[in-house]
Amino acid sequence: MPSPKARSGSGRSGSVPCPGGNGRYEFISLNRTPPSPVPPQLLQRQGSDPTTARLRASESPVRRRGSGSSNSSTGGGGQQLPEEDCMRLNPSFFGIALSSLLAIDLWLSKRLGVCACEDSSWGSVRPLMKLIEVSGHGIPWLAGAAYCLYKSDSPAGQEVMLNLLMALVLDVVLVGVLKAVVRRRRPAHNRMDMFATFSVDSYSFPSGHATRAAMCARFLLNHLVLAAPLRVLVLLWATIVGFSRVLLGRHNVTDVAFGFFMGYWQYNLVEMLWLSPVMLQSAIGQLH
């Protein structure tokens, strides 16, 4: 018989004594699931001791095979989730490259925004940068082209000024549509003290000043007879206008770079849509 200590221990641990086949007591925990019944043929083969038969049954190949299949099925089902997670968490090479480029763009734009406010490292140059900003604004260019068209006496001058006016209107429309589609916010260090802004000017991609500077520079160099120093001055002006957008914190570097690219190809579109005096007269005649 078990000692009183064994009984007290079994009572505390939540076990119940059960007589075995050899006359000894076994303690079965109530917290565990009862073992599966032993096949009667196995009992007959191994003798009358149920403990020995139960141990032999647990080591039988059938039981091992069943447990292995259940583990493999569980493991196979669990492996699907990591594969799906890997598909979600592993972006493509293009996504990684784009994220890296944007991170470099934001870092470089913040480092170059040295005139973003008066307290910046180059804050004393900010008034000059704002003057360059006005020189590339759309309103002075539209007003200047319309005035030159009105004052021009020669048909050739009127043709050039008319197409310049058309190019400026086309630039404003294309940049406004693209800004409304992309909707990229301006840099966080930008101060909204810009000259004559509209609703789409709260977005930064692409830079309208950069597109206008690149397009107007190509237009002037191809349709005006300028001396070599003036041609260099036009190119220098277009470059400074684009660079000033980053110094003032108005745009990121990629906004200006794409703006130059877009303005360069906008000029090709203007050449395709060029309005000659003959085409203009025929259009006016059709309207009348």
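Using N, Cα and C of the backbone, Cβ positions are placed for all residues, glycine too.
There are 27 other CB atoms within 10 A of the CB of His209 (active site, proton donors), with all protein chains counted. If you look up Swiss-Prot, you'll see His209 marked as active site, proton donors, on the strength of similarity to another entry.
Cβ environment of His251 (active site, nucleophile): Ser109, Arg186, Pro187, Ser204, Phe205, Ser207, Ala210, Arg245, Gly259 lie under 8 Å away, each six or more residues apart in the same chain. The active site, nucleophile feature in Swiss-Prot is assigned to His251; the stated evidence is similarity to another entry.
Under the heading region 'Disordered', Swiss-Prot lists 1-82.
Looking only at the region 'Phosphatase sequence motif I' (179-187), the predicted model's pLDDT averages out at 90. Annotation source Swiss-Prot lists region 'Phosphatase sequence motif I' at 179-187.
Swiss-Prot lists 1-127 (among others) with the feature topological domain 'Cytoplasmic', giving similarity to another entry as the kind of evidence.
Residues or ranges marked as topological domain 'Lumenal' by Swiss-Prot on the basis of similarity to another entry: 149-161 (among others). Sequence-distant neighbours of the topological domain 'Lumenal' (149-161) (same chain, 6+ residues past either end, Cβ-Cβ under 8 Å): 223-224, 275-277, 280.
Long-range Cβ contacts of the topological domain 'Cytoplasmic' (183-223) within its own chain (Cβ-Cβ under 8 Å, at least 6 residues beyond either end) map to 106, 109-110, 113, 116-117, 130, 133-134, 136-139, 141, 160, 163-164, 167-168, 171-172, 174-176, 231, 234-235, 237-238, 241-242, 244-245, 248-252, 254-264, 266-267, 270. Taken from Swiss-Prot, the feature topological domain 'Cytoplasmic' covers 183-223 (among others), and the record attributes it to similarity to another entry.
DSSP states for the topological domain 'Lumenal' (245-255), grouped as helix (H, G, I), strand (E, B) and coil, give 6 helix, 0 strand, 5 coil. For 245-255 (among others), the entry in Swiss-Prot reads topological domain 'Lumenal', with the evidence type similarity to another entry.
Annotation source Swiss-Prot lists topological domain 'Cytoplasmic' at 277-288 (among others).
Within the same chain, residues 115, 157, 161, 164-165, 168-169, 171-172, 194-196, 208-209, 212-213, 216, 237, 240-241, 244-245, 247-248, 250 sit at least 6 positions outside the transmembrane segment (128-148) and bring their C-beta atoms closer than 8 Å to a C-beta of that stretch. Marked as transmembrane segment by Swiss-Prot: 128-148 (among others).
What Swiss-Prot lists as transmembrane segment is 162-182 (among others). Within its own chain, the transmembrane segment (162-182) is flanked in space by residues 138, 141-142, 145-146, 148-149, 198, 200-201, 203-206, 208, 211-212, 215-216, 219, 223, 262-263, 266-267, 269-270, 273-275, 280, which lie at least six positions past its ends and keep a Cβ under 8 Å from the stretch.
Under the heading transmembrane segment, Swiss-Prot lists 224-244 (among others). Taking Cβ pairs closer than 8 Å, the transmembrane segment (224-244) reaches residues 115, 129, 132-133, 135-136, 160, 207, 209-210, 213-214, 216-217, 256, 259-260 in its own chain, all 6 or more past its ends.
Feature annotation from Swiss-Prot assigns transmembrane segment to 256-276 (among others); the stated evidence is sequence analysis.
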Going along the chain, which residues at least six beyond the ends of the transmembrane segment (256-276) come within the CB cut-off of under 8 Å? 159, 162-163, 166-167, 170-171, 174-175, 178, 205-216, 218-219, 222, 242-243, 245-246
What is the number of residues in the topological domain 'Lumenal' (149-161) that are helix, strand and coil, as DSSP sees it? 10 helix, 0 strand, 3 coil
Tertiary contacts of the topological domain 'Lumenal' (245-255), defined by C-beta under 8 angstroms and 6+ residue spacing from its ends, are 101-102, 105-106, 108-109, 112-117, 122, 125-126, 129-130, 133, 184, 186-187, 189-191, 194, 204-207, 209-210
